[in-house]
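Right, one structure below, let's go through it.
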Amino acid sequence: MTSIPKNLSSLADYLAFRSQNAFLNLSELQQIHCQILTNDYFHSNSLVTNFLSSCFRSQKPRYALVFLQNLTSPDPSLWNSMIRVSLESGVCPDFLGFYSGMLRNDVLPSKTSFSLILRSCAISGEAQLGEAFHCQIMKMGFEYDMILQTGLLDFYAKVGDLKCAKRVFMGMPRRDVVANNAMISALSKHGYVEEARNLFDNMTERNSCSWNSMITCYCKLGDINSARLMFDCNPVKDVVSWNAIIDGYCKSKQLVAAQELFLLMGSARNSVTWNTMISAYVQCGEFGTAISMFQQMQSENVKPTEVTMVSLLSACAHLGALDMGEWIHGYIRTKRLKIDVVLGNALIDMYCKCGALEAAIDVFHGLSRKNIFCWNSIIVGLGMNGRGEEAIAAFIVMEKEGIKPDGVTFVGILSGCSHSGLLSAGQRYFSEMLGVYGLEPGVEHYGCMVDLLGRAGYLKEALELIRAMPMKPNSMVLGSLLRACQIHKDTKLGEQVTQQLLELDPCDGGNYVFLSNLYASLSRWDDVNTCRKLMIKRGVHKTPGCSSIEVNNIVHEFVAGDTSHPQFTQINAFLDEIAKELKGQGHVPNTANVLHDIEEEEKEGAIRYHSERIAVAFGLMSTPPGKTIRVVKNLRTCSDCHSAMKLISNAFKREIIVRDRKRFHHFRNGSCSCNDYW
């Protein structure tokens, strides 16, 4: 049983420490409650307030309400404190319980009470409730209080009622700078930039918030030049001003300008500034830079927040950087950051995209609350990793817990069925989308079904489904059918589909490559050359294969045929060792998809330097025996590399996980999780 201090100061210190660093369980709350009762510590408002706050942080708001209602003549400020704590804890609906408790205890709500309630209504989007409290404010005689009028203005603006916000503003007998700023913010939020600017220009008094509201207004509209002009004219630049303009440049994808201002800002940078830059690099696909920014953030002793962690986990997910992702997870635990549904979902997504399914499942089950995004992440993750039956099982549990599936859920289910070859299950769930769940299948769902039917060899049925689609098929749908044609060597249909793809997007090099591969597999070299000439004529280039691997928290990238890596001499020697091992196991290179009509030996050399093979060789020579090799590739892995990876996993006693553009392949003991069905 936890030892609870009895001394007032010790109890206060204990409570402050525990409430900030961990959830208190019901037993601990009851023990502290007992100490307050036994020692008559009710006179200490700070202790009582801290105790009530702990109830909220420990997700026991009802316990706080009962405690407060049982106090004899509690200080009226405690009721306001609880409304404030309810607001800060994000448990906004509970402020009604405390408001009702005030009335039952004959405590008249003050202007502070109503101000806090209006903020709660604004945050929770309770428009009707806020309007009801507007009436209460008038009944209490507070209708001309400037603070409450400004609160009402802000409330109406945040629930989307600009007309009422304007009415409140125009009805104010006098307006201070705070009221004017609130109106500028309301106008800018709804896109009325000219009205906002006119109000700003006519203000007799301006403060930093006035300038910042206009900077933010222009940034939201994408008018970064006007925002910069306003920023440069601002005589009272504070950290919010800098953050607003940097965020504006980031949102407009002008990272060079954002970085320049970031450097100029110097020591004034705070965690918001760093989060803005890190998030922007992630959004723009510069994941390595985002991680470097975080490392610099640490070196400058800036405390990361949950927002930082979410952005970094997204970067790790895209890069497949599991070691870094695990380090971040450890950091979250060490610093006792709250793992809510947002951060929890980011962890699940990261582990799934790094192929670490057991870790993802552990995080998922450890969440005290799961929303639709968490369920979707685990269902999609299981499906992508070839565990379609487990994805379906998760879906069934999700339904039992009352979570309504959405379109993303069914993308996860259908793609999981496709990757696992679960044809009948996929057909059933596709049929039930509209019939049972009332969800209209989108083009992405049709794409999954075409992929499922095509890979199973039902090309005719896949083609009929495409023709029956209520929308025009996109490149994903047609590409799925084309891949099936390649697998099942249906040249005639493959040519027809490719023509449709070329009409849809004549600049996509992947379409030409698919057709070339189809011809090459049949040794139709004249047709291969025709494809190549057409690509040259249209200025289309084949996307080079690129694979990345994380070693010692550094992500290394390899392009097919590239020899620029500083350790390539050693890598090449290791590739020789791998080739000998494969030959000893009877592996015969499958060169059918090599595009050129060249000697067989040259074809084998071309396959040898596919990017995922270089990455795997580097991983094998750079990591200790037994460590899992994780590779992320931008294209679909070829059949020869797939066969080679199975043999390599067995020869070197390593699990090799390759994430290509379509799915995961877990190579272990000479076999693959996809059962050669990809």
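For all residues, glycine too, the Cβ spot is worked out from N, Cα and C.
Automatic prediction, not curation, is the source of TrEMBL annotations.
Feature annotation from TrEMBL assigns domain 'DYW' to 586-678.
Per TrEMBL, repeat 'PPR' is recorded for 176-210 (among others). Listed by sequence, the residues of this chain that lie at least six past the ends of the repeat 'PPR' (176-210) yet keep a Cβ under 8 A from its Cβ atoms are 146, 149-150, 153-154, 156-157, 162, 165-166, 169, 216-218, 220-221, 223, 234, 236-238, 240-241.
On the 0 to 100 pLDDT scale, the repeat 'PPR' (238-268) averages 94 in this prediction. The repeat 'PPR' annotation in TrEMBL covers 238-268 (among others).
The repeat 'PPR' annotation in TrEMBL covers 270-304 (among others). Here the repeat 'PPR' (270-304) has Cβ contacts under 8 Å with residues 239, 242-243, 246-247, 250-251, 253, 255, 258-259, 262, 311-312, 314-316, 318-319, 321, 324, 331, 335, 555 of the same chain, all six or more residues outside its ends.
Residues annotated as repeat 'PPR' in TrEMBL: 340-370 (among others). Helix, strand and coil counts from DSSP across the repeat 'PPR' (340-370) read 23 helix, 0 strand, 8 coil.
Among the features that TrEMBL reports, repeat 'PPR' is placed at 371-405 (among others).
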